[in-house]
Each structure stands twice: as structure tokens, then as C-alpha cells.
Amino acid sequence: MLRMRSFLPPLLFTLAYAGVSLGVTNSYYQLILTLVPVWAVFGLSWNLLSGYTGLISFGHAAFFGIGAYATALGQIYFNISPWLLIPIAAMLGGIAGLLIGFPTFRLQGHYFALAMLAYPLAILYVFEWLGFQEVTLPIKRDAPIAYMQFADPHIYTLLGLAIMLATIVLTQVIERSRFGIALLAIKQNEAAAEAAGINTLAWKLRAIMLSGAIAAAIGGFYAQVLLVVTPQSVFGMLVSAQALTVAMFGGVGTVWGPVIGSVILIPLAEILHAEAGARIPGIQGVIFGLAIVCVILLAPEGLFWKLRDLLRKRTASKATVSDATETAAAANVTALKPAARQGAATGQVVLEVRNLSRSFGGLKAVQDVSFRLHKNEILGIIGPNGAGKTTLFNLLNGFLKPSQGEVLIDGRDMSGQRPHVICEAGVGRTFQVMRPFLRMSILDNVVVGAYVRARSDEEARKMAADAVVRVGLSAVADRIAGELSTKELRLMELARAIAGRPRILLLDETLAGLGHSEADEVVAVIQQLARDGMTIAIIEHTMQAMVRLVDSFLVLDHGAVITEGLPEVVTRDSRVIEAYLGKKWVGHVAN
Ligand SMILES: Nc1ncnc2c1ncn2[C@@H]1O[C@H](COP(=O)(O)OP(=O)(O)OP(=O)(O)O)[C@@H](O)[C@H]1O
């Protein structure tokens, strides 16, 4: 649950800002003081989608403009009060978010950004074509309060501040919830997020709907403040750029970013426009352009993160850096397989693969692979580079769809299902190339994996904390993933994979990049997981560790199974020695 004290800074900031604005009597400066929270809220709405998911929107003016026009036209044609029209505008913004998001989320990266650019421009031309070049809101002298038309401009500032405070608090609540964690995970690694059980499309759609609703609501309020709406002023390029600029300047992916950006840039741009706008037309665009260039050069993630990193560095250099890891739970690698697990390979079948194949063009990466994984078994998957091991895992966890064949989990055919569905069915995985969420703490990284099973935020945190203890990382649980060593990252990925309590764990080269003793620590953790009842399939090239760890081997070459069976049999098989282990291994075994 969100701690109450995190509400305090935005509340104090809002009160201080309100105090200052009440002391200002000049109506022009008063208008600027109203525009700051307006653009801050618009920046916050952009941030909710783009800052947290990393999907950059160049077209947020689409939502802003829909809100502004809905509020204006609703008064002109239906005489509805803006107190009602602004919530209606928010609803329309949410619906527009859904309609825009659904097709556009098929695109990624730059393609998504460019596609988003098209929406406000297209709508702008439609409104111009419809003849809404300049829409003036009707003046309601008889009922100014009912129509949000105040003689005292301070009231607009206070209303803008109230909307800003509400948006900040909403964003803070989201940040700490399953919603925010899902968005951050998507931003940092969408594939890893899917594999950890997050339905990425559903969360992205929720984000764009909420973002669109907030942008439209503040667009409606903006129309009410200025009492005139033109297509360029609400759908124009500069409007979309403004949301992006205030957030990028202040800091993306944090509530404070758009607020900081707006407080600095909006007065600067407005005052320069008033002072020098006649001599230098478009000075506002120049200010925003310069702000972006400065940010790119000096603080690519925005002022907030730059300042926070500087502060962190200072405190980190003062504190003694404790040894990052406590020794993994059971640090001594068990020389032999524990008695309790002997014979595991004869238990109930939890994963069955039947004639699985996958081709890339003419290349048969996985060919007609069949095997069974029994409850509580550790299966080692080995083979030379390019043998198809990772492709096999990608087929098992849904990253790839098979060309043919079946994957049965507990007897249920799951072939071709999306990764988060397979994760929900009880399959966790780690990656050969690690996919940590670098800006998040270890605990938050692991929480991402817990949500697949947890019913509440508290339960997810508990399950994550439990997983962190099981891999021996509790001493560093609050550290940012970007500060960790390779071993700690490997253990963290392991914790994320087990946090959702899977029954089957797919480990892809979990020992890669580790020294001997580090590998031993990780092997000890894996052995403990197996002792606790986990069923594991592991891809690994470190054969010394593998022969101590696994119950049986599956050997792949050129995508096909060349043999499978007990380690002592497989490692003496001439086909395996020839294709993978090599003559050196024979010498090693003989010694
Ligand atoms: N998305 C893809 N498109 C085209 N070819 C691919 C794709 N993914 C894998 N391959 C090819 O499929 C074959 C099997 O690759 P895969 O990564 O599964 O091998 P591997 O056994 O995991 O190798 P390594 O031990 O080096 O990780 C390789 O020839 C690889 O180049």
C-alpha cells in the first residue's frame, strides 16, 4: 500500500504554489501560473503511457484536442456545463486511447512513435474541414459558476492545481501498484515481462486509456481557461511536443518530471514569447527545442534522474560497500544428487513435448523433438552452439510458435499460447542474455514475477521477498539492479522466475559468465530449489556442474535429439562425445 508520507511532498508543493499564485495580481502572470499545472498534467498523462512503458507518443495532442473540442462544442450545441463536459471529455479520451492503442501497439519503438504522430494531424484536418477553425465558448454571465467562468482568475489556477495534485496522487498510486510495476517491466524488457506472466497488451491498453482520459480532461479545462479553441492550438505539433518536452526535461517515468519541466519551461517560454514574440516569431518552439537538446546532452533521462543519481553517488561513496551477497542459502554444492531426489525421473509427467519442430526459412532450428519432464526432475539440455536449445525453450514458454508438434503442461496442450499464459500455467524461465529491469530495485524486479500468482500487492511483495531469501539476495534486496554483479543478476533472475511459484523452471545458461566459486553458489541454490520440489530443465555448457546437478540429459544437435538418458550413460555416448563433448572430455572422465 502506498505510504501516506509520499503524498506529503506533492501536497506541500501544491499549497506553496497556491500561496504564491494568490499573491500575484497581474492577469498575464496569473494566466501563466494557471498554464503551468495544465501542461504539467498533460505531461503527466504523457508520462503515464510513454514514461512508464517506454512507448514514445508523438501524438498526445490527439487526446488533448478531443477533450478541448468536446468541452467547447458540448457548451455551444448542447448547453451542457463544463463541470459535466470535462468528465465526458475524459471518457472520450479513454475511448480514443483504446481505439488508437489497439492497432498501434502492434508497432514497436520508432514505428510506434511515428504512427502516433499521424493521429492528431489527421484529426486536425478533419476539424478544419468541418469548419471548426476557431470555436469561441459562449459567455454565460447569468450562471458563471455553473459554466466555470470565474471573474477571479486565481480560481482557475486553484482548479488547475487541484487537477494536478489529483493526477500526481493517482500516478503515485499506480507507480506502487501492480499496474505501475507491469508498465515499468514492459519498458525495461517487454519479452521478460511477458515471460514473467504479465499480459503486456492488456496493461499497455489500460495505460493509454488512462493517459488519454487525463489528457482529454486537461484539454477540456484548457479550453475553459482560454475560452477559445482552434485546431492548431489543441491538435498541433507544438502541443504534442509540449507534453513530451516538459516530461523529458524534468524526467521521464517519475511524477516529478513533468511538474519540474512545466514549472521551468512554461513560464520561460511564455514570458519570452510575450517579450520577444513579435521580433522572433515561434520563440516558444525554440525554447522547447533548446530544452530537448540540453537534456539530450546533459541529462538524457531528465533533470530529476540526473539529480537523483548525483545524490545516490554521494551517499554511496560515503557508505562502506558491503559485500553484495550473503552466501547463497546452502553454499556448499552437494557433491551427489540428494537421496530424496533419487529416482525423480520416474514420477508424474509434468511437461511433455511431442514432435516439436520450428524452422526459420530453410533452417530447421528444432526438428521433431520429443521428451518428457517428470515431477521434481532436473533435466540438462546440452548440445553444441546453434543446436537449437534456446529455440526449444522459446517454443516451450511461448516466445515462438511451433511449426509443428505439441507442448503439454500437466497434460494440457499449450503449444502456441502467449508467454504470460504459459507462465500462468506454471512455467517460469530465465534468459541466456540476462533481462533485468535495470532501473528497478532487486525486490521490485522480483515482484514482477510474483504478480502472476499473487492476489494483492502485499501478497506479491511477500512472495517476492520469500523468493529473494531463497536465492540468498535478501541483504541487497533494495539495491538497484543496474548496480549488481553478474552473479547477483543471475540469482535475481532466478528469484524473479520462482517468485510466481512455478512448477516448472526453464533455466537458460544460468551459470554463463560466472567464475568457479560463483557458479558453485548458483548451483547450490538450484539444488535447493529442486529439493524443495521444483521441476527444472536447464541449458548449460559447464559440464562439470551439469553432471553433478542433473538427473538426466537431453542432447541436441542440428535441432534434433541425438540421445537422452542418465548422465553416466550420455557422457560416454560416442555420438555425444563427437558432436559436443570432444576428446578432452574422455580424458577428463578417465582421470
Ligand atoms: N529468430 C531467429 N531467426 C532466424 N534464425 C534463428 C532465430 N533464432 C535462432 N535461429 C537459428 O537457429 C539455430 C538454433 O539457435 P539457438 O539459439 O536455439 O541455438 P542454441 O543451441 O541455443 O545455441 P547456443 O548454445 O549458442 O546458445 C541457430 O542456427 C540460430 O542461428
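Glycine too: its Cβ is placed from the backbone N, Cα and C atoms.
Please treat TrEMBL annotations as automatic predictions, because they have not gone through curation.
Taken verbatim from TrEMBL:
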{"type": "DOMAIN", "residues": "351-583", "note": "domain 'ABC transporter'"}
{"type": "TRANSMEM", "residues": "28-49", "note": "transmembrane segment"}
{"type": "TRANSMEM", "residues": "61-78", "note": "transmembrane segment"}
{"type": "TRANSMEM", "residues": "84-105", "note": "transmembrane segment"}
{"type": "TRANSMEM", "residues": "112-132", "note": "transmembrane segment"}
{"type": "TRANSMEM", "residues": "155-174", "note": "transmembrane segment"}
{"type": "TRANSMEM", "residues": "207-229", "note": "transmembrane segment"}
{"type": "TRANSMEM", "residues": "241-266", "note": "transmembrane segment"}
{"type": "TRANSMEM", "residues": "286-305", "note": "transmembrane segment"}
Quiz item: Counting only residues 6+ away from its ends, which parts of the chain sit with a Cβ under 8 Å from the transmembrane segment (155-174)?
Solution: 2, 6-7, 10-11, 14, 17-18, 21, 30, 33-38, 40-41, 44-45, 47-48, 148, 180, 183, 210, 214, 217-218, 221, 224-225, 255, 259
Practice problem: Sort out the residues at least 6 away from either end of the transmembrane segment (207-229), same chain, that have Cβ-Cβ distances under 8 Å to it, and list them. | Solution: 31, 34-35, 38, 41-42, 44-46, 48-49, 52-53, 57, 60, 62-72, 82, 85-87, 89-98, 100-101, 105, 132, 134-137, 139, 148-149, 156, 159-160, 163, 167, 170, 174, 179, 183, 243
Practice problem: Go through the chain and flag residues at least 6 beyond the ends of the transmembrane segment (241-266) whose CB is under 8 A from any CB in it; none is fine as an answer. | Solution: 10, 13, 32, 35-37, 39-47, 50-52, 56-58, 60-61, 64, 164, 168, 171-172, 175, 184, 187, 215, 285, 287-288, 291-292, 294-295, 301-306, 439
Quiz prompt | the domain 'ABC transporter' (351-583) [mean pLDDT, rounded to integer] | solution = 89
